[in-house]
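Peer 1: TrEMBL lists these features:
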BINDING   D30, K35, T86, T121, E158, K269, R334  NAD(+) binding site
BINDING   F155, L156, K157, E158, K210, F255, L256, N257, P258, G259, G263, K327  substrate binding site
ACT_SITE  C266  active site, nucleophile
DOMAIN    320-424  domain 'UDP-glucose/GDP-mannose dehydrogenase C-terminal'
Amino acid sequence: MKVAMIGTGYVGLVTGTCFAATGNNVICVDVAEQKIENLKKGIIPIYEPGLEQMVKSAQQRGNLKFTTDIKEALKESDICFIAVGTPMGEDGSADLQYVMNAAREIGQYMIHDMYIVDKSTVPVGTGDKVKAVIQEELDKRGSDLKFDVISNPEFLKEGNACQDFMHPDRVVIGSENAKSIEVMQELYEPFIRSSEFFVTMDIKSAELTKYAANAMLATKISFINEIANISERVGADINKVRRGIASDSRIGYSFLNPGCGYGGSCFPKDVKALIKTSKEHDYEPELLSSVENVNSRQKMVLVHSITEVLGEDLSDKKIAIWGLAFKPGTDDMREAPSIRLIEELKQRGAKVQAYDPQAMNMAKSFYLKDVEVEYINNKYDALNDVDALVIVTEWKEFQSPDFMEIAARMKGNDIFDGRNIYKAKTVKSHGLNYYQIGVRK
Ligand code: UDX
């Protein structure tokens, strides 16, 4: 099939590349010229396991192209995906300007009938707006071309996006047009294990499904973080409580890891946008607002723990940070708990030495650009002379470190773990103090 992908961010690039991997002809379009030039040379703008190899293979086969020219992309395709960003606007709602621009351009430049698929995460009702704008542009030029707008939310996890795309838990299609559903079924056929994983519904339900999925996962995280905070105060151990509840198959283990708050491009933004949508429809979403508040508070939990042990004034302290990315497997730092943590530590006068396997450039150039942090290229070197180590992202290489080396390098002996990745007994046996989330000090 012939597919155009508007937007070469995480979602667009992964989706386009995976469709090319199953033999479709894909043309990806983006306004960012440098990005497109780089992609043409096989240079990927993000760190995502497996993606670079997949892009290069498809380019060699000749069925994945990159362009800044939307007219060319529309000419060469029958299905056009909109996969542009929907960043958080000032008031917490999703900013739809990029989606609507894409729709307008489609209406202006399409030259044959098309299927328009919205993959961007958009508030309920956006499908209708996209449809109206395309129609308006067609009318302006007196065209009677036909199109159908389909909603197809994405459920990719950063760091595992290609795998998630190739082996989805489900594919959700919002459309009540039989032909559109058939086309989508054909496109997704190679990825679908059985028909029950191909879920079709109306557009609004598909749009809400995406927000509901992310809100549910965010709720699980804020729930376990709340129980962790209670646990710490009453003298229980959240690691044990977690096992105790998660072993009930109705509850399950996934997304019940306590931590220093969820981050990333989706949960914070989507929970806020869903709250906004609910309020616009005269419904006060108390549970979702609490999910959001608990998370915001959770980003301070490590700071409180550190100041409780080391004191409010950290001006004579040097602190090592392991992990800057919002989660392992990515260089993404959007809404990462590390940002707030480091800013708070700096405000209290601490010196900060940080190490992350992938995200140090991101931190330096964007997210912590104005904050004085020493970036160290090796996890053990980052520990030289520090009073404390703080673990913020649970990268694999932090999971079973040489504790003798850690103890030898550090000046102090306090480890604050924002992800509860060690056995307390093991850490303590090396003369180190170990402070976890949800376990009394
Ligand atoms: C998420 C959804 O999982 C995905 O389906 C959707 O399409 C986009 O948003 P992503 O943001 O890439 O994906 O990361 P995810 O692995 O879901 O983690 C999100 C955040 O939750 C991270 O900050 C992570 O550290 C945190 N988290 C996750 C926890 O604190 N505890 C957990 O148990 C799980």
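Cβ coordinates are placed from backbone N, Cα and C, and glycine is handled just like the others.
A TrEMBL annotation is a machine prediction, not a hand-curated record.
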Peer 1: Suppose we screen the binding-site residues D30, K35, T121, E158, K210, K269 by Cβ distance to ligand 1 with a cut-off under 6 Å; which survive, in sequence order?
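Peer 2: Among D30, K35, T121, E158, K210, K269, near ligand 1: E158.
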Peer 1: Of the residues named as NAD(+) binders, D30, K35, T86, T121, E158, K269, R334, how far apart in Å are the Cα atoms of the most distant pair?
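Peer 2: Overall maximum Cα spacing for these binding residues reaches 25 Å.
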Peer 1: Between the Cα atoms of K35 (NAD(+) binding site) and L256 (substrate binding site), find the distance and write it as a whole number of Å.
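Peer 2: The Cα atom of K35 (NAD(+) binding site) is 37 Å away from the Cα atom of L256 (substrate binding site).
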Peer 1: Rounded to the nearest angstrom, how far is the Cα of the residue listed as 'active site, nucleophile' from the Cα of L256 (substrate binding site)?
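Peer 2: About 18 Å separates the two Cα atoms.
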Peer 1: Express the distance between the Cα positions of D30 (NAD(+) binding site) and K210 (substrate binding site) as a whole number of Å.
Peer 2: 24
Peer 1: Just give me the nearest neighbour of F155 (substrate binding site) among the binding-site residues T86, T121, K269, R334, Cα to Cα.
Peer 2: T121
Peer 1: Tell me the Cβ contacts of R334 (NAD(+) binding site) under 8 Å, same chain only and six or more apart in sequence, or just say none.
Peer 2: G263, G264, S265, F326
Peer 1: Please give me the CB contact count at 10 A for the residue listed as 'active site, nucleophile', counting all chains in the structure.
Peer 2: 24
Peer 1: Long-range same-chain neighbours of T86 (NAD(+) binding site), Cβ under 8 Å, sequence gap at least 6?
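Peer 2: The list for T86 (NAD(+) binding site) reads A94, D95, L96, Y98, V99, S120, T121, V122, K269, A273, given in order along the sequence.
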